Ligand SMILES: Cc1ncc(COP(=O)(O)O)c(C=O)c1O
């Protein structure tokens with residue numbers, strides 16, 4: 001690829017794929033690459049899952065779009081399947097993770113407005129990633145993503161991830177806090193898990209309940225079966241007021257969702273939020289098909305078993321080199337020694353091992369394989385990575 005009309009918003013790798021099937025991507029000359037990234041946690045059911053492909057094909061030939069000025073039967077059905085799985089009351093369909101979080105943050109403002117706040121604040125975390133619309137970007141920690149955009153910093157309070165004491169201090173120091181927004185496991189920020197695991201979410205909810213704040217979970221990356229439950233919070237006894245998701249929701253078809261429950265339900269009314277494309281018949285039928293697969297197969301159990309297998313195999317072979325693993329289900333962080341030079345790992349994995357991975361947080365390999373990866377494929381992910389890393393020191 002030489003001349004391009006595309007804005008250079010991404011450092012693209014010098015490769016492109018022309019087809020995908022299950023856990024595999026293929027170049028034009030049909031070279032197979034084992035995909036342990038799935039388009040950044042998107043194709044959780046694998047590339048071109050037959051049931052999703054069938055849903056797209058059938059709906060594309062029937063009705064693609066009518067707008068939300070009309071009833072949309074598939075949106076009703078997708079909403080029911082999603083809210084039932086997520087244990088939430090109602091949903092707004094958007095088109096991406098950032099839009100889902102934008103909706104959540106707007107809900108928090110409406111909630112504050114009901115209480116007469118002049119300038120409400122939302123507590124967010126260090127190393128967080130919530131998207132690139134202006135409000136979701138302002139909630140995001142990554143300095144490179146924020147640079148130059150005059151982010152709305154006075155509307156957010158940033159505290160260390162996993163630190164409940166910092167939340168208590170923020171509550172004492174600031175008036176007009178209306179919500180906490182947090183990822184159950186931080187994806188972009190380094191596959192970070194809290195020291196007490198998902199128990200952190202219960203402690204956060206307790207703070208929210210004590211102060212009458214909305215407890216808002218960003219499950220854009222952790223949702224849709226990725227960690228072995230429909231939503232990662234379901235590993236705990238916590239219950240969010242607001243829950244956002246995208247990525248795996250459409251298995252590659254662009255769609256996002258902001259769900260609400262209890263005191264957050266009913267904040268949006270007619271005209272207070274919207275999206276021309278949100279929840280088209282096509283997008284909704286795709287969501288419905290994804291949830292049909294999640295509900296009627298053992299795919300989430302498979303994510304737990306295979307994720308554990310990959311983590312254990314890697315640590316057995318590489319623990320002696322100071323490598324550890326964290327995460328849940330098929331959201332795996334392989335933590336490398338901090339002094340290791342990781343800059344070429346993604347390229348070397350691709351070129352030498354035909355393995356697609358990602359490195360985040362500087363020294364953490366992020367693996368996001370399909371939830372339905374077969375054991376022989378999981379073994380190959382681990383083996384290829386072990387060979388790569390053993391030749392790296
Ligand atoms: C936790 C989280 N929230 C939000 C987003 C933004 O999603 P999108 O790129 O679909 O806008 C991402 C994307 O990586 C994410 O990981």
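Glycine is no exception: its Cβ is also placed from the backbone N, Cα and C atoms.
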Quiz item: In TrEMBL, 97, 98, 218, 219, 220, 221, 276 are given as binding pyridoxal 5'-phosphate, so which of 129, 149, 309 is in that site too?
Solution: 129
Quiz item: Which ones are near residue 220 (pyridoxal 5'-phosphate binding site): of the recorded positions 132, 247, 275, which have a Cα within 10 Å?
Solution: 247
Quiz item: Which binding-site residues from the set 219, 221, 275, 276 come near ligand 1, judged by a Cβ under 6 Å from any of its atoms?
Solution: 221
Quiz prompt | residue 132 (N(2)-acetyl-L-ornithine binding site): tally of other CB atoms within 10 A of its CB | solution = 16
Quiz prompt | Residues 97, 98, 129, 218, 219, 220, 221, 276 [recorded pyridoxal 5'-phosphate binders]: greatest CA to CA distance in Å | solution = 25
Exercise. Take the C-alpha atoms of residue 218 (pyridoxal 5'-phosphate binding site) and residue 247 (N6-(pyridoxal phosphate)lysine) and report the distance between them in angstrom, rounded.
Key: 12
Quiz item: In which DSSP state, out of helix, strand and coil, do we find residue 275 (N(2)-acetyl-L-ornithine binding site)?
Solution: coil
